Amino acid sequence: PLSLYVMHPFWNAVVKIFPTWLAPNLITFSGFLLLVFNFFLMAYFDPDFYASAPDHQHVPNGVWIVVGLLNFMAYTLDGVDGKQARRTNSSTPLGELFDHGLDSWACVYFVVTVYSTFGRGSTGVSVFVLYLLLWVVLFSFILSHWEKYNTGILFLPWGYDVSQVTISIVYIVTAFVGVEAWYAPFLFNFLYRDLFTAMIIACALTVTLPMSLYNFYKAYKNNTLKHHSAYEILLPLVSPVLLFLLCTTWIFLSPTDILEVQPRLFYFMVGTAFANISCQLIVCQMSSTRCQPLNWMLLPIAAVLLLVVSGLAPGSETLLLYLLTAFLTLAHIHYGVVVVSQLTEEEKIGLRAAEGL
């Protein structure tokens, strides 16, 4: 795989550049912030995903180069944070949660940013297709952590490494050849947008899903599963599935066609709620505690859906989406700060106890 033969030697060289006093969690957070910056930079130049369509003002070439370089830097920092932790002998449960927790939120940032290369015009893919592709990526992520919840081992599919390097290259190539290059078919009538769609789905169906099921089966055969009833095994998937059903119902029953009107905001809302569900699962698997069947963030989403569908708040669907997204974002950040504070305090108590011995 790419990560083993190419990226790991590269990361081993990069990590030596960092001073030993640099905290691994700071490296993790810096990489995440680069993806957030890319998301908002592209939101400025391509707010409604029409910038790559014919007869529309395109994203400036320089912006594509910046986005490509920052995406690769974010991927590199995500690869070296663990190496820095091992190099400085500072691997902690907090580091693991911080890394995977931010990765769960990063999914929506990089998927939605990639969308701008094709956009939603006649040469792109519809906002609903992108919504489904986003869910393929989100379910691929949660599947790996569902596997760890049940087997105790986290398998990260190599498709992630290939996709990150490819995406970075595509951004930079776009700067030189222009978005028009992606309009033309690259094989018969098969367009680049079709390749993009096929790669995401194929990676999930041929790598992530089979490997997770195989590793689960292996643990079952070796009698090393952490949970044994079907209910307990499938518990971590209840909240993600309900989130998918609620959001998809909203799209289909929306009186103002909300996904067409506010696609970027809707994706962000979905990605943030998903990140909270993922973080709570990661905390459960790290602490060997039982996963809760329902994430509380599903309640405000369901309440807004009822308001919208019932017609009790006519003409305010977009406002409700803004308020819901702001509330979920602040709540998720608050959750992250509380968990990090608790883990930091526990680590300090552990260190003091070790020094006392």
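Just so you know, glycine gets a Cβ as well, placed from its N, Cα and C.
Noted in TrEMBL for the protein shown:
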| type | residues | note |
| --- | --- | --- |
| TRANSMEM | 21-42 | transmembrane segment |
| TRANSMEM | 62-80 | transmembrane segment |
| TRANSMEM | 101-118 | transmembrane segment |
| TRANSMEM | 124-144 | transmembrane segment |
| TRANSMEM | 195-217 | transmembrane segment |
| TRANSMEM | 229-253 | transmembrane segment |
| TRANSMEM | 265-284 | transmembrane segment |
| TRANSMEM | 296-313 | transmembrane segment |
| TRANSMEM | 319-340 | transmembrane segment |
Interface present between the transmembrane segment (229-253) and the transmembrane segment (195-217) (three or more C-beta pairs under 8 A): no
Selection from 21-42, 124-144, 229-253, the stretch that has most Cβ pairs under 8 A to the transmembrane segment (101-118): 21-42
The transmembrane segment (124-144) in contact with the transmembrane segment (265-284), cutoff 8 A, at least 3 CB pairs, sep 6+: yes
Tertiary contacts of the transmembrane segment (62-80) (same chain, 6+ residues out, Cβ under 8 Å): 3, 7-8, 10-11, 14-15, 18, 27-28, 30-32, 34-35, 37-38, 41-42, 45, 99, 103, 106, 110, 113, 164-165, 167-172, 174-175
Contact between the transmembrane segment (265-284) and the transmembrane segment (21-42) (3 or more Cβ pairs under 8 Å, separation 6+): no
Candidates 21-42, 229-253, 296-313; stretch with most C-beta pairs under 8 Å toward the transmembrane segment (319-340): 296-313
